[in-house]
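Annotated in TrEMBL:
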- 12, 13, 14, 15, 16, 17, 18, 19: ATP binding site (BINDING)
- 135-162: coiled coil (COILED)
- 5-183: domain 'Guanylate kinase-like' (DOMAIN)
């Protein structure tokens with residue numbers, strides 16, 4: 001392969017369906033890999049190191065920052081999240097698309113580094129539905145859910161920085177719409 005891969009970034013509020021959408025895209029596009037982020041947050045039930053995230057202590061995360069091992073990093077909901085540079089660069093060079101789901105802070109840091117990336121903001125049908133999805137996930141307490149909803153309101157202010165905006169009402173329709181965007185932009 002001599003064509004360079006494309007960076008594909010999905011952002012949107014917690015609970016909007018980014019992880020599920022990413023799994024569907026990866027299953028349907030053999031030329032696309034999922035970027036595994038690093039985080040200092042504790043593992044959730046059923047998560048494995050190196051599958052959902054690279055789980056690092058705060059000290060390890062800060063060491064990686066000092067060694068310039070992240071393309072971007074941010075503090076979200078009180079925890080560090082970052083994108084390891086090496087994974088991104090190696091896969092893009094191989095001609096693979098790299099799919100990421102990251103918050104708006106991280107996406108804004110990647111935009112100048114990867115100006116030809118595909119940046120897509122995922123919207124919930126409405127905020128009541130977003131709250132229902134967060135409650136249904138059963139991973140956060142009420143206080144954390146309220147924090148995530150406040151963050152979601154702040155994130156909406158950055159929607160104009162994204163080339164594409166997709167409302168996730170129905171998973172299959174959303175995935176089809178995003179696949180069409182990827183096909184148009186990356187072939």
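Glycine too: its Cβ is placed from the backbone N, Cα and C atoms.
In the three-state DSSP scheme, residue 17 (ATP binding site) falls into the coil class.
Around the Cβ of residue 19 (ATP binding site), a 10 Å sphere holds 14 further Cβ atoms from the protein chains shown.
Less than 8 angstroms from the CB of residue 12 (ATP binding site) sit 18, 121, 122, 123, 124, 155, 168, each of them six or more residues away in the same chain. Annotation for residue 13 (ATP binding site): spatial neighbours 124, 130, 148, 149, 151, 152, 155, 156, criterion Cβ-Cβ under 8 Å with sequence separation of six or more.
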